[in-house]
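K.L.:
So TrEMBL has the following annotated:
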BINDING   CYS189, CYS196, CYS199, CYS205  [4Fe-4S] cluster binding site
DOMAIN    39-187  domain 'HhH-GPD'
Amino acid sequence: MISKKKTIEMIDVIGQMYPDAECELVHENPFELTIAVLMSAQCTDAAVNRVTRTLFQKYKTPEDYLSVPVEELMEDIRSIGLFRNKAKNIQALCQILIDQYNGEIPREHSELVKLPGVGRKTANVVVSVAYGVPALAVDTHVERVSKRLGICKWKDNVLQVEETLCNKIPRERWNKTHHQLIFFGRYHCLARNPKCNECPLLIDCREGRKRKKVIIDAG
Ligand code: SF4
């Protein structure tokens with residue numbers, strides 16, 4: 001694994017590439033954000049945004065989602081992967097919000113992860129994007145980029161990747177870095193065809209060197 005100092009140098013470069021990186025899920029409040037993140041599991045943000053454009057017009061409150069049969073909600077989100085489970089989770093989540101949280105999305109990570117369909121990553125996104133709490137959500141892009149660059153070990157699980165990133169990156173940079181790593185993975189270091197030829201990190205990237213067979217002068 002690369003050092004903390006080298007990690008920050010790399011994060012700085014990525015930050016210069018995507019200074020305005022931010023959450024691409026369209027939302028207007030913590031509730032909409034939570035619904036959008038829940039739906040984004042194994043699905044692109046663009047696909048979620050296409051659905052929420054009309055979904056958020058039809059359903060504005062937890063009560064709205066519970067006012068229809070689950071089959072109707074399934075139909076409303078059927079272009080999203082795993083739509084049946086997601087519709088069930090949305091209604092279960094809305095019922096708990098009404099019963100236990102006065103209809104509001106809780107601010108505490110420990111409470112968020114108790115909600116149906118809300119895992120650690122979703123909770124991290126919600127607390128950081130909606131409430132500005134430092135958190136570093138690890139999605140598929142963040143994990144891939146961190147491993148390719150050698151910030152984390154190849155065999156690390158998602159939680160280990162998050163812990164390593166949090167150890168190596170200053171806390172005040174977690175939220176912005178999360179979005180910048182996502183943009184870097186989504187638009188540059190793509191899963192299938194990373195743009196190594198034009199990558200400013202190629203010389204330091206173990207995956208890029210392997211792909212390009214760059215000979216590094218160890219001296
Ligand atoms: Fe990704 Fe290639 Fe850049 Fe490495 S060199 S970060 S694999 S694009």
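Including glycine, each Cβ sits where the backbone N, Cα and C put it.
Whatever TrEMBL says is automated annotation, not expert-curated.
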K.L.:
List, in sequence order, the residues of the same chain other than CYS189, CYS196, CYS199, CYS205 whose Cβ lies within 8 Å of the centroid of the Cβ atoms of the recorded [4Fe-4S] cluster site.
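P.N.:
Here the nearby residues are ARG148, HIS188, PRO194, LYS195, LEU201, LEU202, GLU207, GLY208, ARG211.
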K.L.:
Mind checking which of CYS189, CYS199, CYS205 has the fewest other CB atoms within 10 A of its CB? They're the binding-site residues.
P.N.:
CYS199
K.L.:
As a test of reading the model: what is the averaged pLDDT for the domain 'HhH-GPD' (39-187)?
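P.N.:
Mean per-residue confidence for the domain 'HhH-GPD' (39-187): 96 out of 100.
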K.L.:
Could you put numbers on the helix, strand and coil content of the domain 'HhH-GPD' (39-187), residue by residue per DSSP?
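P.N.:
For the domain 'HhH-GPD' (39-187), the helix, strand and coil counts are 99 helix, 0 strand, 50 coil.
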